[in-house]
Amino acid sequence: MKKIIILSLISMFYIGCEKKSEKRNQEEPLNIIFMIGDGMGLAQISTAFYFGKETPNFEQFKNIGFIKTPSTSHTITDSAAGATAFSTGEKTYKRAIGMSKDSLPLPTILETLQKKDYQTGFVTLTPVTHATPASFYAHVKDRDLHEDIALDLVKSNVDFFVGGGLKYLKRRTDKKDLYTALIAKNYKLDSVSLSKFDVNKKNGYLLAEEGLPSKTEGRKSFLQDATQLGLDYFTKKGKPFFFMIEGSYIDWGGHAMDAELLKQEVLDFDKTIGVVLRYIKKHPNTLLVVTADHETGGVSIGKSYMIDEETGEKSEEVDNVSINFNNDQHSGTLIPVFAKGKGSENFQGIYENNEIYHKMFKAINNK
């Protein structure tokens, strides 16, 4: 009898602990990790299934939807208007960064969440002033205003960032030294490597004059390493966070009509998704959303052929596929959305790209 009572008490204790843990997770503010595979349509994603050595991490998602991408000025959008729709919840004109269709500044999700005591950050392979990352902290009428965007970076108070674009902070036409200005605002900066962060400061890594190398140029596990570094930083800080991670050069593979570059960049992005999925397993109070701003290249996956060198005859390679490009520009295809974690069910269906913003806040507000 005593044994039964003791076992019952132990069972009640563990059930009580589990309920407290569940309640604590429900009450804690939600972490948001938002991953953008720039230029990544369904065909690009498919390359991970045909050319990867392991099962793609894309396959781990159950909640999947599609977004429509037109801007207010062009049916075929660009990264600036696409990322601004994500970051502000409003569609805008092509080339706009954090601005409304009437050229008025819009509060971004980073700025709004900072007021809710969130940590914020981003990782990109491009200059930090490039269209996609800039749309989360800057407000300019045209994406090519890199020096103006850099001024907004200094004002943004973003807690953690990684990318290139050092020249827009240190070698400017107005002679301003924004690198020193960031240090004066309690940033630990590094222009050489992904060094250990300082948990008592904001951290920035400006590791190239312009963009970082592509995979075909020898970039190794940089995107995964930078992502893990950011996640470690936010975990140490112990506050809720918003973290945008861009797989920038999938888009470049489309523009260059370079199948090898595209394939390697998609596989690299998929590996980075794996880093985040492992984080979510340990930190379930997190929402992951993976999508793209647009598709680039009009890519399709088709039959692969082999040409006989002697006869010139063409025969199908039945076990292989080829990556084909329609052109070197953006296209208007629907873009997949993958979501996992708390609130991920909200991302099913077909909807406009600016709805991503509202769905993230719906998850944050636990609705």
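Using N, Cα and C of the backbone, Cβ positions are placed for all residues, glycine too.
What you see is a predicted model, and the numbers here were worked out from it, not measured in a lab.
Listed features, source TrEMBL:
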- D38, D251, H255, D293, H294, H330: Zn(2+) binding site (BINDING)
- D38, H130, T132, E246: Mg(2+) binding site (BINDING)
- S79: active site, phosphoserine intermediate (ACT_SITE)
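The structure, with features from TrEMBL marked on it.
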residue: D38; record: Zn(2+) binding site; Cβ within 10 Å: 28
residue: S79; record: active site, phosphoserine intermediate; Cβ within 10 Å: 29
residue: H130; record: Mg(2+) binding site; Cβ within 10 Å: 27
residue: T132; record: Mg(2+) binding site; Cβ within 10 Å: 27
residue: E246; record: Mg(2+) binding site; Cβ within 10 Å: 29
residue: D251; record: Zn(2+) binding site; Cβ within 10 Å: 28
residue: H255; record: Zn(2+) binding site; Cβ within 10 Å: 18
residue: D293; record: Zn(2+) binding site; Cβ within 10 Å: 30
residue: H294; record: Zn(2+) binding site; Cβ within 10 Å: 28
residue: H330; record: Zn(2+) binding site; Cβ within 10 Å: 25
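Using the Cβ center of D38, D251, H255, D293, H294, H330 for Zn(2+), the list of other same-chain residues with Cβ within 8 Å runs, in sequence order, G39, M40, D78, S79, G82, I250, G254, A292, E295, T296. Distance noted between the C-alpha atoms of S79 (active site, phosphoserine intermediate) and H330 (Zn(2+) binding site) is 10 Å.
Comparing CA positions across the binding-site residues H130, T132, E246, the one lying closest to H330 (Zn(2+) binding site) turns out to be T132. When the alpha carbons of H255 (Zn(2+) binding site) and T132 (Mg(2+) binding site) are compared, the span between them is 16 angstrom.
T132 (Mg(2+) binding site) is 11 Å away from D251 (Zn(2+) binding site) when you measure Cα to Cα. Here H130 (Mg(2+) binding site) is positioned 12 angstrom away from D38 (Zn(2+) binding site), judged by their C-alpha atoms.
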